[in-house]
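Asks: What follows is a structure written as structure tokens; I'll ask about it next.
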Amino acid sequence: WIMGHMVNGIDQIDEFLRLGSNSPEFDINFDKDAKPVYTYHGVPCDCFRSCLRWEYIGDYLTALREVTTPGNPKFRENLSLFVFDLKTNSLYDSQAGKAGENLADDIFKYYWNEGNNGGRAYMIISIPDIEHYDLMTSFKHYFISNGHEELLDFVGFDFSANDNIPDVEKVFEKVRVPGVPDRVWQSDGITNCIMRGLNRVKEAVKVRDAGGIINKVYVWTVDKVPSIKAALDAGVDGVMTNHPDVVVGVLREDGYKDKFRYASYNDNPWETFKAE
């Protein structure tokens, strides 16, 4: 998966898709009542990017629904996965559960159109604080209690703060909901302004390949060819980047084109493929 980084403007969705992204990532900000309000990153952000693009969440999720609903004039077949980068650090730990419920309500209303011919894409809910695990639990229970447990088949989760992998595993085990399979992506990374090694990525890949709780691994934010190749060599499933076209170019090179391919909608984002 080629994850387009910081796609916070509606017009940027098509821009990043044209560049080769099949998985836009966007930032979700919450108000003091734990209600998601708008897409926005703010300063500082990645080098050489505008940090100030934003949209109201209802408008943004509606736009995503349009480009992922077959039959809609705006439908784009190659868009298969979203990454919700939640900005919950402004919330108290005690508000995490309410934030999850409110987010689920907005996704159900604006993206899944209240269960009536909504969008078809998968999504990763990426949480920046491991102590905000109640967000995940309440998100799941929202759909179960409203009779739409089947929609959880399209949802996976990630903790994005580069926590120790064993700590992440313990939290996912703690919040398991009976009857709802674990669907876990593990991210690792840092802003493109700073270099970061791949030791933790390799640890996450090892857990994935050993049949652990991690299904997929992605790295962020990598823009340069050597960094992209190093991440692919480490066995990641996704690369988050400001330059999807650069990743597309790497995937076409000898040594990569036979080992990796561009993910389509028919590829299950919860299915584990081991590094070889």
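Residue numbers in this text run from 1 along the chain shown.
Each Cβ is built from the backbone N, Cα and C atoms, and glycine gets one as well.
The active site feature in Swiss-Prot is assigned to H5. Taken from Swiss-Prot, the feature Mg(2+) binding site applies to E25, D27, D85, supported by similarity to another entry. Sequence annotations record features per position, and here Swiss-Prot assigns active site, nucleophile to H41. According to Swiss-Prot, the disulfide bond annotation covers C45-C51, C47-C193, on the basis of similarity to another entry.
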Asks: Spatial neighbours of E25 (Mg(2+) binding site) among the recorded positions H5, H41, C51, defined as Cα within 10 A: which are they?
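Replies: The recorded positions close to E25 (Mg(2+) binding site) (Cα within 10 Å), listed in sequence order, are H5.
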Asks: Which residues, in sequence order, are found in the same chain with Cβ within 8 Å of the centroid defined by the Cβ atoms of E25, D27, D85 at the Mg(2+) site, excluding those residues themselves?
Replies: H5, M6, V7, N8, F26, I28, T39, H41, V83, F84, L86, S126
Asks: Spatial neighbours of C51 (disulfide bond) among the recorded positions H5, D27, H41, D85, C193, defined as Cα within 10 A: which are they?
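Replies: So the list is H41.
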Asks: Could you work out which of the disulfide-bonded residues (C51, C193) has its C-beta surrounded by the smallest number of other C-beta atoms within 10 A?
Replies: C193
Asks: Considering only the recorded positions H41, C45, C47, which residue has the minimal Cα-Cα separation from D85 (Mg(2+) binding site)?
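Replies: Closest recorded candidate to D85 (Mg(2+) binding site) by Cα: H41.
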Asks: Go through C45, C47, the listed disulfide-bonded residues, and name the one with the sparsest Cβ surroundings, counting other Cβ atoms within 10 Å.
Replies: C47
Asks: If you measure C47 (disulfide bond) to H5 (active site) at Cα, how many Å is it?
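Replies: Cα of C47 (disulfide bond) to Cα of H5 (active site) measures 12 Å after rounding.
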Asks: Looking only at Cβ atoms, how many others are within 10 Å of the one on H5 (active site)?
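Replies: H5 (active site): 30 neighbouring Cβ atoms within 10 Å.
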Asks: Whose Cβ, among the binding-site residues E25, D27, has more other Cβ atoms within 10 Å than any of the rest?
Replies: E25
Asks: So if I draw a 10 Å sphere around the Cβ of H41 (active site, nucleophile), how many other Cβ atoms end up inside it?
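Replies: Taking every protein chain into account, the count is 21.
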